[in-house]
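Novice: Shown below is the structure under consideration.
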Amino acid sequence: MRFRDVYKNNLFMLKFVWKYYKIYIITSILISFSSILTPLADVLGPKYIIDFISQKKPFTWIVTVVILIFSIEILKSIYYSWYYKFITPRAHNKIKGGINNLLMQKAASLDLECYENADFYDKYTRALKEADIRALSVVSSTRDFLLSLVYALTLFGVIVTLDPILLLISVVSMLLSSLFGLISGKCQFKYERLLTPFEKHLNYIKRVFYEVQYSKEIRIFPISKLLFKKYDNNIDKIDSVLKTRGKKLTLLNILGDTVEFIMTIGVTMLYLAWKIYNGVLTLGDFMALYIASRQFSSRLQVFFNSFTQFYEHSLYITNLKEVLDYESKIENSSNSLEILEEKITDISVDNVSFSYSEREVLHNITIKASKGEKIAIVGHNGAGKTTLIKLIIRLYDVNKGEILINNKDIKKLSVKHLRSKIGLVFQDYQLYSASIAENVLLREVKTPEDEDKVWFALKQVGLYEKVKELPNGIHTLITKEFSNEGIFLSGGEAQKLALARIYIKDYDIVILDEPSSSLDPLAEKQMYENMMDITKNKIAIFITHRLSTTVMADRIYLIDNGRVIEQGTHKELMELNGKYRRMFDAQAQFYREQAEDGLAVL
Ligand code: ADP
């Protein structure tokens with residue numbers, strides 16, 4: 001990494017901090033300049049006291065020096081206390097908030113393929129882990145850099161006036177120590193990179209033990225043993241990296257310190273003692289020079305170490321910038337700009353093929369739907385049904401063929417606008433730690449009309465009565481994570497709540513992926529009837545495993561191994577006597593057997 005990049009990266013971070021909390025930068029610079037007072041108090045103060053004593057000056061002179069030192073220290077203490085105890089923690093909070101917010105927004109706009117790319121995911125994890133701390137460290141390094149510079153310059157003045165040769169010794173000592181600092185910094189970063197994948201794994205396992213969705217299974221199944229084992233394995237792997245790193249860093253540290261002590265204690269002390277011995281220096285001069293030279297090299301060391309730190313920050317900032325600069329290929333592609341003003345009346349998946357990485361999972365799929373039509377997509381697990389939906393809403397782009405909406409290629413349409421016209425419930429829908437209303441609207445409740453919309457949607461999915469009885473109604477929180485008054489929903493109720501989302505807006509297309517997997521038969525029947533009702537003038541696409549529901553569809557597509565192998569109405573497919581019929585008969589047979597078994601038991 002070149003010096004220019006180091007400079008640019010650190011400046012990038014400083015500008016960032018400036019944006020969120022200007023006062024932190026200003027007070028940090030001020031603290032640097034206030035450091036000019038320290039050498040005066042620490043070095044010249046004792047020198048004058050010793051000199052005045054040996055020169056038998058009036059005691060009031062000594063008292064004056066003491067009062068001066070005292071005043072400087074008190075002023076410094078007031079300023080430092082305010083800076084470190086009041087400003088710094090608030091700066092930490094604001095900068096942490098700002099940078100993490102930015103990273104979360106970035107995460108929300110990443111293409112889904114980023115989550116499948118372990119390298120990018122590692123970069124993102126590292127950015128999230130380090131970014132806020134680095135932002136603060138860049139400021140503190142800049143502060144230390146300026147502080148030690150001002151401090152060292154003041155000491156430089158003192159030493160040059162009293163003994164220039166000492167200056168040379170101090171500079172050589174500092175250069176040697178900085179060299180060791182630089183090597184240590186590089187070593188630290190190299191090993192940090194090796195640790196990331198293991199730490200990511202540890203965080204995952206910790207999450208499993210505190211997130212509520214895992215709580216039942218980890219109590220019942222022996223999975224926790226496996227996870228503990230994996231946890232320990234990762235701790236061991238981290239330990240072996242730390243061991244190798246530790247050996248190198250310890251050695252570097254000892255070598256660095258030894259060289260520094262040889263120079264500062266050995267060479268400097270002998271040199272000054274020799275000068276007093278020969279009567280060239282006064283006792284006061286010795287005192288001042290010894291303190292000044294030690295402080296000078298340690299300050300210069302801090303000064304040059306800040307270059308090492310800037311270099312180290314720069315490596316992390318490059319990582320952060322790579323994440324922040326990532327542009328979603330789908331959302332930001334220059335041709336996805338057109339806003340579709342009219343309602344969606346036709347959708348056509350035309351000869352589409354798609355592969356996630358190498359393996360093609362959809363092959364030459366062609367599916368059509370027009371306004372008012374209900375389309376069912378059926379097929380075995382892993383056939384490619386959900387993938388097809390992901391392509392329609394552009395979570396991924398097709399590799400071959402095209403998807404047309406009102407005869408326009410969806411790649412040309414604004415992604416945000418397109419998605420806003422589609423009501424969708426995934427099979428693995430999520431509920432959030434927010435109120436019932438917010439979980440349905442998926443945004444803030446802003447107006448009384450919003451509340452009406454939520455009540456209407458809850459009525460459609462059969463949750464109205466239950467929510468009505470809750471003291472906080474639609475404002476009740478889901479889960480008890482943040483409030484004891486929160487509620488837990490059963491699997492079926494949770495699915496109903498997710499389904500309520502399609503009733504809050506007049507969508508042009510409604511897509512449901514396995515919408516009734518957790519519903520009881522009555523609720524399922526009700527759900528499909530309501531859905532047929534609200535989608536009269538829309539396009540409805542539903543993926544289902546319950547073949548009894550496909551009877552209501554205008555057209556059924558049977559997907560097998562990524563290909564459409566049969567299509568038509570229920571009647572047509574039954575007459576075709578192919579795979580659909582076999583699947584349907586098998587399900588019907590299963591229900592019959594279940595019923596007969598039930599009767600036999602009775
Ligand atoms: P269905 O919805 O029909 O059960 P999917 O569309 O979810 O099937 O999956 C189709 C195939 O694509 C499966 O073999 C699955 O393993 C694979 N697949 C799904 N998601 C991903 C992914 N993110 N990365 C790689 N392969 C995936």
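Here the Cβ of each residue, glycine as well, is placed from N, Cα and C on the backbone.
TrEMBL entries are annotated by machine, without manual review.
Feature table excerpt (TrEMBL):
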DOMAIN    26-312  domain 'ABC transmembrane type-1'
DOMAIN    347-586  domain 'ABC transporter'
TRANSMEM  21-41  transmembrane segment
TRANSMEM  61-82  transmembrane segment
TRANSMEM  135-159  transmembrane segment
TRANSMEM  165-183  transmembrane segment
TRANSMEM  251-274  transmembrane segment
Novice: Quick test of the contact rule: Cβ under 8 Å, at least six residues beyond the ends. What residues does that give for the transmembrane segment (251-274)?
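Specialist: Contacts of the transmembrane segment (251-274) (Cβ under 8 Å, skipping residues fewer than 6 from its ends): 165-166, 169-170, 172-173, 176-177, 180-181, 183-184, 187, 281, 286, 289-290, 293-294, 297, 301.
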Novice: Who are the chain neighbours of the transmembrane segment (165-183) in space, where the CB to CB distance is under 8 Å and they lie at least 6 residues beyond its ends?
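Specialist: Non-local partners: 156, 159, 252-253, 255-256, 259-260, 263-264, 267-268, 271-272, 289, 293, 296-297, 300-301, 304-305, 307-308, 311.
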Novice: Other than its close neighbours in sequence, what residues sit by the transmembrane segment (21-41), given a CB gap under 8 Å and a spacing of at least six beyond its ends?
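Specialist: That would be 14, 68-69, 72-73, 75-76, 79-80, 83, 87-88, 90-91, 94-95, 139-140, 142-143, 146-151, 154-155, 158, 292, 295.
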